[in-house]
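As recorded in TrEMBL, the features of this protein are as follows:
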REGION    137-158  region 'Disordered'
ACT_SITE  249  active site, proton donor
ACT_SITE  382  active site
DISULFID  445-477  disulfide bond
ACT_SITE  491  active site, proton donor
ACT_SITE  516  active site
BINDING   602  Ca(2+) binding site
C-alpha cells in the first residue's frame with residue numbers, strides 16, 4: 001500500500017498531496033470563516049439570552065459542577081437529559097442568589113470587618129494551596145511582609161554632619177571592597193597579608209563578614225554590594241557542616257544578620273536561611289536543665305561547654321543572648337519551640353538565689369547551680385543584661401518579666417559594682433566571690449548606651465539619675481581612648497595603684513576595632529543631642545583612619561600606647577556590622593532606624609519591635 005494512502009494528511013514538499021482528503025488553501029480559509037462565525041454566534045447567545053447572567057455564573061464559576069451533572073451515560077434518553085438541564089439551571093439560579101446575598105451582607109459590614117474577612121480568607125487559601133498545615137516547599141508559613149519605618153535615611157541638613165556621614169560610608173566601602181577583593185567567601189579578612197581569615201568560632205561555616213555586613217550595606221544604601229552579598233548567601237551559605245560552632249557567635253552574627261537583612265529588604269532567602277540555621281541550633285538545648293551548651297556540632301547535634309569555664313559551666317552572656325533572635329524565629333517560622341527554649345532559661349534563673357542580687361557568669365547546665373561567683377558586666381556577662389532590657393522593648397513593652405529582671409539587676413550592679421575613682425570617673429568593676437577587681441573592659445563600655453536606653457522605662461524618680469550614670473560611663477570610656485598614644489581604647493583599663501582608665505598589663509593594651517564605646521556615643525547622641533558625642537565619635541574616625549586603615553582594609557593594633565602601630569592583621573566582621581554602622585547612625589538623623597520601631601541585637605543587627613496591636617495577626621511582620 002502506498003505511503004500516501006496510509007498518511008492522508010502528510011504533505012510532500014514542493015507539490016500538493018496526492019490524497020483526495022487534503023484541503024486546498026482557499027478551502028481551509030472558508031472553513032476557518034465558518035468556524036469563527038459559529039463561535040461568535042455561541043458567545044453572542046450566552047451574553048444576550050435572558051438568563052445569560054445565570055448561565056455565565058455556571059460557566060465561569062461552577063464549571064466543574066455543571067460538567068459533573070450534565071455528563072450522562074451512553075444509554076441516557078432525551079427526557080433524562082432535559083431533566084438534567086433543568087436541575088443544572090436550578091442550581092445556577094440558587095448559586096447566583098446566594099452570591100447576591102453574600103455581597104449584600106458584605107456591604108453592610110464595617111470596613112475593618114471586611115479587611116479582616118479578606119485576610120482570613122487569604123490565609124485559608126494559602127493553607128489550601130501550599131498543603132497541610134500551611135507549609136510551603138521550604139516548610140515555612142506564609143508571612144505578609146511590611147517593611148518597618150526608617151530602613152534608610154535621608155541626607156542630614158547640616159553640611160559638616162553630611163560630610164562626616166559620607167566619610168564613614170567611604171570607610172565601609174574600603175572595608176567591603178578589600179574583603180571582596182582578597183577574601184570573598186571567607187569568614188574574615190587579613191588586610192596586611194591580603195588573604196582570608198577564619199576563626200574556630202564558626203566551625204566550617206563560611207561568609208561571616210558577608211552575613212554580618214548585609215544590614216550595614218542596606219542601611220548605607222550600598223545596594224549593588226548588598227545584591228552581590230545576597231547572591232552569595234543564596235548560592236553558597238551552607239549550614240550542612242560536620243563541625244563544632246559557638247552557639248552564641250553563630251546566633252548573634254549569622255541568625256541576627258539574616259533576620260535583619262530579611263526585615264530590611266523583605267527577601268525570602270534570608271528568612272529561609274535564618275530559620276534553617278535556628279533549627280540546627282536547637283539541639284544545643286538538650287541538657288537536663290534546658291540551659292544550652294556553648295559549643296554544638298551542627299551535624300551530630302552533640303554539644304559541650306568550653307573546657308575552661310568553671311567545671312563545664314555555660315556562660316551567662318552566651319545562653320542569655322539568644323532571646324531576641326529566637327523570639328523572631330518563632331514569629332517567622334510558626335514554630336513556638338524557639339520562644340519556649342529561651343523562656344525556659346528565665347524559669348531556671350528565676351528559681352535560683354542570686355548573691356547580692358547579682359547573676360554569676362557561670363551556670364552548670366546539668367545541675368542547674370551556679371559555678372564560680374564571678375560577676376561582670378563586661379566579657380562573660382555583658383549582653384545578658386542588654387537582652388533583658390531589649391526583650392521588654394522588642395515586645396512593645398509587654399514583657400513585664402524581662403523588664404523586672406533588668407531593673408532589679410541594674411540596681412544590684414549599681415550597689416555592688418559601680419564605683420567612682422578619686423579623679424571622679426565612674427566605672428563598673430568586676431566582682432569575684434565578694435571582692436572587687438577595679439578593672440573595666442572595653443566590652444563593658446556598652447553599658448552607657450544600655451542604661452540610657454532603659455532610663456525612660458525606669459521609675460520616674462530614677463530616670464534622671466540613670467541618664468547621669470550613662471553620661472558618666474560614656475565620659476570614662478572616652479577617657480580610656482584619650483589617654484592612649486593612638487587615641488583608641490585598650491581592651492581593658494584599671495583604677496588602682498594610682499592609675500585611672502589606663503591599661504597596665506600588656507595583654508590588655510590591644511584594640512581590635514571594637515564598637516562598644518562608639519555604640520554608647522550613638523545612644524547618648526540620640527537621647528541628649530549633646531554635640532560632644534558626635535565630636536568624640538569623629539575623634540575615633542580620625543584615629544581609625546590614621547592608625548588602622550591599610551591598603552588591604554582595616555586592622556586592629558596590638559598596643560594603643562605605642563606611637564607606632566603594630567597591626568594584628570585581622571579585619572573583624574563586627575567592624576562592618578557594628579563599629580561602622582554605629583558611626584554612620586551617630587551622624588544620621590533620629591528617624592533612621594528609630595528606637596520606637598527597632599531594637600539592635602548585640603551585634604548591632606536591627607530587629608523590629610513586635611507591635612502588640614498585631615497580636616491577632618501572628619503571621620504578619622510589622
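One is the number of the first residue shown, and numbering goes on along the chain from there.
Placement of Cβ uses the backbone N, Cα and C atoms for every residue, glycine included.
All chains included, 25 other C-beta atoms sit within 10 angstroms of the C-beta of residue 382 (active site). Mapped onto DSSP classes, the region 'Disordered' (137-158) shows 0 helix, 1 strand, 21 coil. Nearest neighbour of residue 249 (active site, proton donor) by Cα distance, taken over the recorded positions 382, 445, 491, 516, 602: 602. Checking each of the recorded positions 445, 477, 491 against residue 516 (active site) by C-alpha distance, the shortest gap belongs to 445. Ranked by Cβ neighbours within 10 A across all protein chains shown, the active-site residues 249, 516 are led by 516. Under a cutoff of 8 A between CB atoms, and with a sequence separation of 6+ in the same chain, the neighbours of the residue listed as 'Ca(2+) binding site' are 252, 256, 321, 382, 383, 386, 387. Long-range Cβ contacts of residue 491 (active site, proton donor) within its own chain (separation 6+, distance under 8 Å): 441, 442, 503, 507, 508, 509, 510, 511, 512, 514. Long-range Cβ contacts of residue 445 (disulfide bond) within its own chain (separation 6+, distance under 8 Å): 473, 477, 480, 489, 516, 517, 519, 520.
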